[in-house]
Amino acid sequence: MDSRRIAIFVLGALLALAAFFSPVEVAPQAKMVFAITVLAVVYWFSEVLPLHVTGLLVSFLLVLFGGFSPGQIFPNYFDPVVVLLLGGFMLAFALEKFELDELIALRVLKHVGHSPSRIVLAFMAITAFLSFWVSNTAAAAVMIPIALFILRKNKLATKDSSFAKGFLLCVAYAATIGGLGTLVGSTPNPLAQRYIQDLGQSFEFLDWSYYGLPFVVVFLLVIWFVVLRIFKPEISGLKIDSKEIRMDRSKWLVLAIFIATVFLWVTGSLTGLSSSVVALVPILLLYFTRLVEENDFSKINWPILSLIGSGIALGFAFHGSGFDLFIASLVEGLITGLPLLLVIFIVVVVSVLLTMLASNTASAAIMIPLVIPLAPVIGIRPEILIVIVAIGVSLDFTAPMGTPPNAIAFSTGFLSVKEMAKVGLLLSLLASILVALLATFIWV
């Protein structure tokens, strides 16, 4: 272990001890939760340990020192949210395994013409649609190679091409934004659902899309307009040649399971089936039809599922110890009297800044439990505030390490950090403003 890691380990422990022995007037259990949270924040942000390992450490400490029983903490690792994500991951794996994601993209691109701006917009729409159902990373991993193929075909695969830079950024940002369109599109979304349902409110697939989908549609157009104004196409027409992917029995079967799952998610309010119960459908059908095999389960992103479970456990500890109410009382004095629009904008910006330092999942796990008690202070329904945070932690467009799609676009070698930051900062600001406006004048 290098000296940097040792220093971060020690720093996290010292800050946690300082938090526990601070003169904050709260119950001992809340103070312990505060100390464990400080430790988690340091380790999550520095990634001195893998994110899910830090999450497991947090759960261990909550049981050992936090006054919580194993029965209160460990069931969170098989929470309905975790089951929902597991089903989404398995469905996404099947789409990728049988190349259906690439097939959808290539079929649509045949019909968009040769205009560079129209092709970029079509790419963004396809990428966002894929990101509704597969991970943002997978959507970018499918679409960016296709974009590179088109650039090479038109002799534009070079650092000097303004269009190449804009094209790749648009695809990467569409992958990130597309994850906000559905409940299973990005991991903070079902985490938000879990907290909303804990408030005693029904919140299923279409409920999330009511908030997320309009934002996705509007902001995709904003990204398209802004990026192609900064990186203007230097050509007037593009050639598109695509390989042919033939449908076979397995592909048709996966497509049928995909459509059936989406249908059941969308009609959950009519059938009475929760999103997490429906998520078991693709897992079971794909296995029993032998479309996925036993060893395929090892390819699921189990660490992120573990991280989600630990985030839910930490949120439970916030509420169970009263630490969330303490945070709310601290913030109340700072925001009292401020206009609602400004308060919501601040919440979004803080969420964006957090996710510049940590993953969007870790940021959501930290932020959501803290903002819930603020809702009555602000005068807004708590579910709105939860959705605002869940969206906000997915709005970092500024740096290659900000999101996996950013990293994939940057890895092509056509973009500099400065170029990405120039357009990314502007887009993060515009996205924050749009969320604040939607929340203040429509969602409320």
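For all residues, glycine too, the Cβ spot is worked out from N, Cα and C.
The shown structure was predicted, so the numbers you read here are calculated from the model rather than taken from an experiment.
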*When you get a sec, could you say which of 23-41, 270-288, 384-402 is annotated transmembrane segment by TrEMBL?*
384-402
*For the transmembrane segment (304-328) against the transmembrane segment (42-65), do we get 3 or more Cβ-Cβ pairs below 8 Å once near-sequence pairs (under 6 apart) are dropped?*
yes
*Cβ under 8 Å to the transmembrane segment (252-268), counting only same-chain residues 6 or more beyond its ends: which ones?*
87, 91, 94-95, 98, 100, 133, 182-184, 204-206, 274-275, 278-279, 281-282, 285-286, 289, 291
_the transmembrane segment (384-402) versus listed stretches 77-95, 208-231, 361-378, 423-443: most Cβ pairs under 8 Å_ = 423-443
*asked:* At a C-beta cut-off of under 8 Å, are there same-chain residues at least 6 beyond the transmembrane segment (423-443) that contact it? List them, or none.
replied: 169, 173, 211, 214-215, 218-219, 222-223, 226-227, 230-231, 340-341, 344-345, 348-349, 352, 380, 384, 387-388, 391-392, 395-399, 402, 406
